[in-house]
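Please read the structure below before turning to the comments.
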Amino acid sequence: MGCVFGRTSAVLPDDHVPSTIYCSRTISSLTKKTPTKKKATNKVTPIAPSSSFVLLDVNQHNEHFRIPQPALTELVKKKSHNKLGELGGVANVASAVQTDLQGGINGGDEDMSRRQEAYGFNAHKKPPTKRFFQFVVEAFKDLTIAILLVCAAFSLGFGIKEHGLKEGWYDGGSIFLAVFLVISVSAVSNYRQNKQFHKLSKFSENIKVEVVRGGQRRQVSIFELVVGDVVCLKIGDQVPADGLFIDGHSLQIDESSMTGESDYVEIDHNHNPFLLSGTKVADGYGKMLVVSVGMNTTWGEMMSHVNRDTTEETPLQIRLNGLTSSIGKVGLAVAFLVLVVLLIRYFTGNTQDENGNKEFNGSSTKSGDILNSVVGIVADAITIVVVAIPEGLPLAVTLTLAYSMKRMMADQAMVRKLSACETMGSATTICTDKTGTLTMNLMKVTKFWLGRESIEHSISSISPHVLELIREGVALNTTGSVYRATPSSKYNISGSPTEKAILSWAVEELEMDAEGMKQSCTVLHVDAFNSQKKRSGVALRKELDNTVHVHWKGAAEMILEMCSSYYDASGLKKDMDDHEMNVFKQIVENMAANSLRCIAFAHRKLSEEEYGNGAEGKKIEDEGLILIGIVGIKDPCRSGVKKAVQVCHDAGVNVKMITAIECGILTPGESMIGSSVVEGEEFRNYTSKERMEKVDQIRVMARSSPFDKLLMVQCLKQKGHVVAVTGDGTNDAPALKEADIGLSMGIQGTEVAKESSDIIILDDNFASVATVLRWGRCVYNNIQKFIQFQLTVNVAALVINFVAAVSAGEVPLTAVQLLWVNLIMDTLGALALATEQPTNDLMKKPPVGRTEPLITNIMWRNLLAQALYQISVLLTLQFGGESIFGVTKAVNHTLIFNTFVLCQVFNEFNARKLEKKNVFKGLHNNRLFVGIVGTTILLQVVMVEFLKKFADTERLNWWQWGLCVGIGALSWPIGWVVKYMPVPERSQSSVT
């Protein structure tokens with residue numbers, strides 16, 4: 001008897017008492033206790049332990065499981081075959097963690113609790129999120145803010161020096177206050193956006209995983225996965241934890257996310273049974289035993305150090321930064337001119353103090369007075385720079401995007417990339433799948449053809465031999481499952497929608513016993529289905545007579561090409577000549593014309609010589625097959641799809657389906673036009689020139705591959721279209737990435753598709769795609785509204801200050817007043833206009849596309865008209881207000897300030913509608929807008945009436961208030977009249 005001495009550990013029986021001497025023969029006997037099914041379809045072959053081997057330490061604190069976590073973690077991380085052999089193979093590992101490889105774990109609350117206590121939770125630690133203070137610090141790093149702070153410091157120092165602490169802090173303090181408010185709003189907005197991203201990230205990480213628990217397949221959250229779970233994997237799935245291969249066929253894994261290697265890794269029992277968390281299933285299907293979760297996996301360790309960047313700049317934000325820079329340069333130029341003019345006027349003796357005396361009298365003027373005057377002039381120039389820089393533009397984009405993201409989430413769309421919100425508003429073409437997106441994804445077999453006969457009701461007319469072959473083809477050539485707890489309970493059928501439809505039909509209509517079929521046959525080899533092959537095959541050996549059979553299932557047009565004969569309902573085998581082939585093709589075409597998905601079944605019996613003695617890995621015979629049936633699967637169109645497609649058409653957005661009269665993409669008239677409908681192969685075989693010429697006319701591309709979809713996206717982008725693509729499969733990933741906006745499906749979409757997309761449609765409904773388009777346009781439109789509003793203020797303020805400074809030698813609006821106006825525009829204005837909701841009018845305009853300028857001619861017309869009106873009124877008040885209204889200079893300056901602010905308040909209403917004349921439509925739906933306008937007016941009253949010294953204002957009487965309101969209100973009729981003026985379509989703007 002071979003023994004190993006020393007302090008060691010092992011896979012030990014439950015009643016083991018810790019000892020330092022263990023016998024390998026005892027350990028070997030454990031492998032014999034593991035029950036194995038004699039005739040299982042895909043048996044696990046345990047790796048036999050050697051006669052003497054090093055054992056592993058028992059977790060003294062774990063009385064339920066016989067392998068400690070470190071041993072399991074090391075096993076998969078190092079892909080150690082030796083360690084797996086020492087542990088007795090996959091079957092022994094399963095036994096040690098109390099898992100039945102066929103039925104899975106118990107899954108009860110107590111069982112789950114014990115496993116989580118012993119092996120941990122399937123969640124990784126996340127890096128700490130940014131705190132609010134960090135966003136404040138980042139806001140301080142802005143160059144404009146830094147300039148303002150320097151100006152504020154100088155202004156505060158010189159102000160206190162000139163006027164004393166009591167009144168000298170006003171200008172500098174107001175700049176500090178302005179900086180504080182801008183930083184606060186910016187930091188709060190970015191902080192909330194960051195929290196929203198983390199919330200969405202947590203939602204998107206909550207992947208549903210198919211596991212076997214208590215002998216039944218079920219969907220659970222990835223966070224509920226525990227060591228010992230048996231996980232079912234299929235193409236496109238993310239491997240949810242580290243695990244060991246149990247059984248499956250043609251399973252290939254994309255480990256590029258972990259290793260960087262692009263070649264797929266084959267998973268099998270002998271060479272590589274190890275599966276790593278975070279990798280993707282590229283082909284085939286299988287089951288795995290979970291051995292490590294959460295932070296015990298390499299993926300968990302890696303993700304704990306990754307913090308998603310939520311500060312990405314969208315294309316629109318980049319364009320607005322350029323616009324802000326351009327406006328800032330103009331402001332600097334104006335400020336410099338004002339500085340030069342005021343300095344010249346001062347030093348030439350053309351300025352007077354409050355008593356009418358010349359301020360500069362050559363050498364007799366004290367140096368302190370000169371310094372104070374120069375500081376005042378510099379402060380005026382700096383204030384012009386401050387008011388010229390529209391800090392509110394980036395803020396408006398942030399607010400709009402954050403608001404729209406939140407609302408889109410409520411409308412069944414989760415934004416993964418912020419830029420997608422605005423890009424969707426420019427979409428000109430949407431390429432969409434039919435299944436699940438345009439349809440309800442509730443598939444049901446409604447047609448069954450056996451030979452040239454349609455079987456409508458009873459199966460009694462079908463030959464028992466043929467019926468048995470069909471049952472075999474359905475039960476054994478599938479990735480789905482049929483489960484029934486007791487003979488009297490209902491069937492629980494799982495799998496893809498197509499598989500579920502076929503299995504349900506076979507169980508209910510053909511009286512198929514799926515479990516009995518599996519017991520009567522041994523699967524020898526499987527050729528798994530994928531979207532390129534569009535078929536799946538299985539080679540099996542019948543236990544009754546030891547004969548080998550192959551079954552194929554897939555797209556009817558693919559399977560027909562593999563057949564040379566067919567069975568009729570009576571069981572007679574008939575040759576399939578060209579005439580018969582055309583008859584079957586016509587049957588398939590007729591079903592397809594009625595929006596049925598056609599699936600065909602074929603069979604062939606093989607001799608041992610033909611199969612090659614059932615050698616593992618042999619290619620399944622796919623020629624000379626016998627057609628045994630064709631089914632038509634109906635997937636009804638979603639109720640809201642026709643309306644959603646019509647909305648897109650009305651919005652000038654082309655919808656292309658990659659047979660769809662039912663969904664409204666084609667009208668009955670169009671369905672007969674050859675250029676509107678093509679097959680994928682036909683489109684693929686066009687020359688590059690032909691594709692570019694015909695791609696705009698194509699409305700439906702039938703029988704297309706993922707490559708055809710990618711090719712269409714590339715052609716459309718080359719023609720200048722902004723393309724949105726929907727997809728749910730792994731092979732859709734290239735098209736989703738290539739498109740301007742990738743839209744994946746939240747229910748049926750694979751994890752690969754979701755990671756390749758920009759937006760996830762949570763309910764898989766095309767109506768939600770139309771909603772995303774609507775919100776995208778709203779984002780773009782709201783930004784344009786704010787730009788028009790902001791630029792009106794900038795143009796008016798710059799011109800008024802420049803003209804007054806050059807002609808009168810003074811700036812009519814003080815630093816505090818200009819900063820107050822700037823704050824109204826930057827914060828309150830942005831908040832008011834950024835939260836405007838989408839209207840039906842937005843979906844009646846053509847898309848803006850790639851080349852449309854941000855500032856359109858319509859916007860220039862509106863803003864210049866309002867700016868000219870404000871300039872005219874305010875300059876009239878500046879030069880003639882005292883004599884016209886018989887008021888003092890101080891009151892006149894207050895009238896100018898009050899009128900200027902109220903003009904912006906009234907113009908805020910004009911900005912709500914860029915083209916429509918009725919600017920009040922839908923106002924009752926935006927209470928926030930009304931509240932902000934009311935708050936602005938209230939604060940203005942406080943500034944004028946109660947903050948006399950701080951704001952440098954005088955109290956106004958009722959008549960004067962009425963005058964200011966009347967002048968401001970005139971902007972409404974002016975805006976109404978101006979919108980009758982036609983403008984050329986092409987914009988002359990170069991700053992956009």
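Cβ from N, Cα, C; glycine included.
What TrEMBL says about a protein is an automatic prediction, not a curated fact.
Annotation comment: TrEMBL describes 86-160 as domain 'Cation-transporting P-type ATPase N-terminal'.
According to TrEMBL, the transmembrane segment annotation covers 139-160 (among others). With a threshold of 8 Å between CB atoms, the same-chain residues lying at least 6 positions outside the transmembrane segment (139-160) that come near it are 168-173, 175-176, 178-179, 182-183, 186-187, 190, 328, 371-372, 375-376, 378-379, 382, 385-386, 389, 391, 815.
Annotation comment: TrEMBL describes 172-191 (among others) as transmembrane segment.
Per TrEMBL, transmembrane segment is recorded for 327-347 (among others). When Cβ-Cβ distances below 8 Å are used as the criterion, the transmembrane segment (327-347) is approached by residues 144, 359-360, 373-374, 377-378, 380-382, 384-385, 387-390, 791, 794, 798, 801-802, 805-806, 809, 811, 991 of the same chain, each at least six residues removed from its ends.
Per TrEMBL, transmembrane segment is recorded for 381-404 (among others).
Marked as transmembrane segment by TrEMBL: 791-809 (among others).
What TrEMBL records for 815-834 (among others) is transmembrane segment.
A Cβ distance under 8 Å defines the sequence-distant neighbours of the transmembrane segment (928-946), meaning residues of its chain 6+ beyond its ends; these are 820, 824, 828-829, 831-833, 835-836, 894, 897-898, 901-902, 905, 908-909, 912, 953, 955-956. The transmembrane segment annotation in TrEMBL covers 928-946 (among others).
Under the heading transmembrane segment, TrEMBL lists 958-978 (among others).
Outside the transmembrane segment (172-191), and at least 6 residues removed from its termini, the chain residues within Cβ reach (under 8 Å) are 130, 132, 135-136, 138-140, 145, 148-149, 151-160, 311, 386, 391, 395, 398-399, 402, 815-816, 819-820, 822-823, 826-827, 950.
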